[in-house]
Amino acid sequence: MLVLFETSVGYAIFKVLNEKKLQEVDSLWKEFETPEKANKIVKLKHFEKFQDTAEALAAFTALMEGKINKQLKKVLKKIVKEAHEPLAVADAKLGGVIKEKLNLSCIHSPVVNELMRGIRSQMDGLIPGVEPREMAAMCLGLAHSLSRYRLKFSADKVDTMIVQAISLLDDLDKELNNYIMRCREWYGWHFPELGKIISDNLTYCKCLQKVGDRKNYASASLSEFLSEEVEAEVKAAAEISMGTEVSEEDICNILHLCTQVIEISEYRTQLYEYLQNRMMAIAPNVTVMVGELVGARLIAHAGSLLNLAKHAASTVQILGAEKALFRALKSRRDTPKYGLIYHASLVGQSSPKHKGKISRMLAAKTVLAIRYDAFGEDSSSAMGIENRAKLEARLRILEDRGIRKISGTGKALAKAEKYEHKSEVKTYDPSGDSTLPTCSKKRKIEEVDKEDEITEKKAKKAKIKIKAEVEEEMEEEEAEEEQVVEEEPTVKKKKKKDKKKHIKEEPLSEEEPCTSTAVPSPEKKKKKKKKKDAED
C-alpha cells in the first residue's frame, strides 16, 4: 500500500513495509516514537519538491477545493499506476477525485489518519535531503500565503474590526447612559437645581468633578465649561439650594463616578473616529449612502461585508426588523417597510408618506454600493456620491409634487395657455357692465336657506310699513267721505281696496331678484273682470 503525504516543501509518496502493524490502531503510535522505528514501517518512494511558495500555494489551494494539481497528476500517473497498489489519502474528497479521473483505488480510514499522524511526527527523519530550517521557513511562508488567500486579507479591509467596534460603541452608550443617570440621581440629593440648569451630561460631570461640594460654587470658576449667564445662575442656585448635606466620603464616591463617565466619553469619541476611518477604508460607497453607523450595523448584522453583499435589496431594506416581519406574516398583516435602514439620513429627512418609497430606493442603491465595495478593485466613493445625488433629486421631486398639490399650482402648470394669434381682434363684452341682478347657478341648500330667511325678514318689515301707510290714508279718506254725498260710498270703498292691493303688490315686485316678467294667473284675471263690472 502506498501513502500520499503532502508537505509544505512538496509531495511525498511512502510505501508501507509492514501492513500487519496497521491492524493495531491503538498501538500504532508506538511504532513512530523514533525515526528508526518509523523507517521500519514506511519508506520514502518518491518526493516531488515545490520550486517556490507560489507553487506550493497553488497546490494546496487545489487540494482544499478537492482538485488535482497538474504536478500531482504527473506524479500519480508515473509512480502509483506502475506500482498497481492502493493509495492511502488523508482527504476522502480528494480520494474520490483521484479514483474518478485516474482510475486508482484510494483508501481513507481511521488507520490511515493514525498513519499520517505518525509520519508527520517523524517527517524530518523520513524525508532526507530537506533541512529542518528550510522546512520551517517554507512552512511559515506557506501558512501566511494560505491564510491571506483564504481570508482575502488586506490591511485596510478587515470588516471584523467594524463588527467589534460598532458592538463596543453600542455597549458604551448603554453604560454611559446608566452611569450618567446614577450620577445625576446621586448628586441630586445634594444639589438638585444643577441638573435642571445644565442639560449636557459631560458638562455636568466636569463641573461636578471640579467643584465637588455645593458650598464651593461661590468661589469656583466655571468659565471653561459654562457661559457667564449659566455660571451666574448656577452660583445663585447653589446659595439657595434645597438639597441635603452630604459627607466628604459621599462626595468622593460621586467624583470617582464622574471621572469614569468623562473617561468613557473620551474613549467613545476616539472609538467613533476610528469607526469612521475604518468604514471609509473598507466600504466608502456604503458610508456615503447610509452613513458610517448604519453601514456598520448592517455589516455587523450580516456578519461580514461579503455576507451582506449576497443579500438582495429587499432583504437589506428590512434587515433588523425580523421580529416584526415574522409577526406580520403570522398575523397576515402588512409587512414592515424598513429595518436598520430607517436611521439613514435620506429616510429621516423625507416626509412620512414617502419613507417607504425612499427606503426601497435607498436599499437598491445601497446593495449596489455594498457589492462594489466587496468585490470591486477600486476604493473610491464616486459611485456612492453619484447614486446619493440621484436619490436626493428623486426625494426633492416627490416632496415638490406634494407641495404643488396642496397649493394648487400643479394644475396651472399642467395646463398650457391657449394660443392667440396677433391678428385676432378682441371684442369687448358689454355684459360685464350690467347692474341688473342675474339668476345665478344652482347653489347649496344651506346658502339658499339663509337667503330665504333674510328675504322673509325684509318682507315682514315692508308689510309693517305698508300697513302703517294704509292706515294713515284710510283716516284721510274717511274725513273726505263725510263731506261727499251718501250715493257714492260704495264706489269709493272699492277704490280704497284697489289702492291697498296696488300698494301691497309694489314692494313685493321690487324684492324679486329675477328680471323675467310674471305671467298673471287665471284667478287674478277673474278678479280683475269682477272689479271692472262693479265699477261700470
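Note that Cβ sites are derived from N, Cα and C of the backbone, with glycine treated the same way.
Taken from Swiss-Prot, the feature phosphothreonine applies to T34, supported by similarity to another entry. According to its DSSP assignment, T34 (phosphothreonine) is coil.
Secondary structure at S109 (phosphoserine), as computed by DSSP, is coil. Annotation source Swiss-Prot lists phosphoserine at S109 (among others), citing similarity to another entry.
Classification of S304 (phosphoserine) by DSSP places it in coil, neither helical nor stranded. Positions annotated as phosphoserine by Swiss-Prot: S304 (among others).
Look at S351 (phosphoserine): DSSP puts it in coil. For S351 (among others), the entry in Swiss-Prot reads phosphoserine, with the evidence type similarity to another entry.
Sequence annotations record features per position, and here Swiss-Prot assigns SUMO2 cross-link to K353 (among others).
Marked as SUMO2 cross-link by Swiss-Prot: K411 (among others).
Summarising the annotation, Swiss-Prot assigns compositional bias 'Basic and acidic residues' to 414-427.
According to Swiss-Prot, the SUMO2 cross-link annotation covers K422 (among others).
Residues or ranges marked as SUMO2 cross-link in Swiss-Prot: K426 (among others).
If you look up Swiss-Prot, you'll see K441 (among others) marked as SUMO2 cross-link.
Annotated SUMO2 cross-link per Swiss-Prot: K444 (among others), in sequence order, evidence recorded as similarity to another entry.
Residues or ranges marked as SUMO2 cross-link by Swiss-Prot on the basis of similarity to another entry: K467 (among others). The Cβ of K467 (SUMO2 cross-link) lies under 8 Å from the Cβ of no residue that is in the same chain and 6 or more residues away along the sequence.
Among the features that Swiss-Prot reports, SUMO1 cross-link is placed at K467, with the record citing similarity to another entry. In this structure, K467 (SUMO2 cross-link) is part of a helix by DSSP.
Positions annotated as SUMO cross-link by Swiss-Prot: K467 (among others).
Per Swiss-Prot, compositional bias 'Acidic residues' is recorded for 470-488.
The SUMO2 cross-link annotation in Swiss-Prot covers K492 (among others) and is backed by similarity to another entry.
Within 10 Å of the C-beta of S304 (phosphoserine) we count 16 further C-beta atoms, all protein chains included. Taking only the Cα positions, the spacing between K353 (SUMO2 cross-link) and S109 (phosphoserine) is 65 angstrom. Note: the Cα of T34 (phosphothreonine) and the Cα of S109 (phosphoserine) are spaced 24 Å from each other.
Annotation for S109 (phosphoserine): no spatial neighbours, criterion Cβ-Cβ under 8 Å with sequence separation of six or more.
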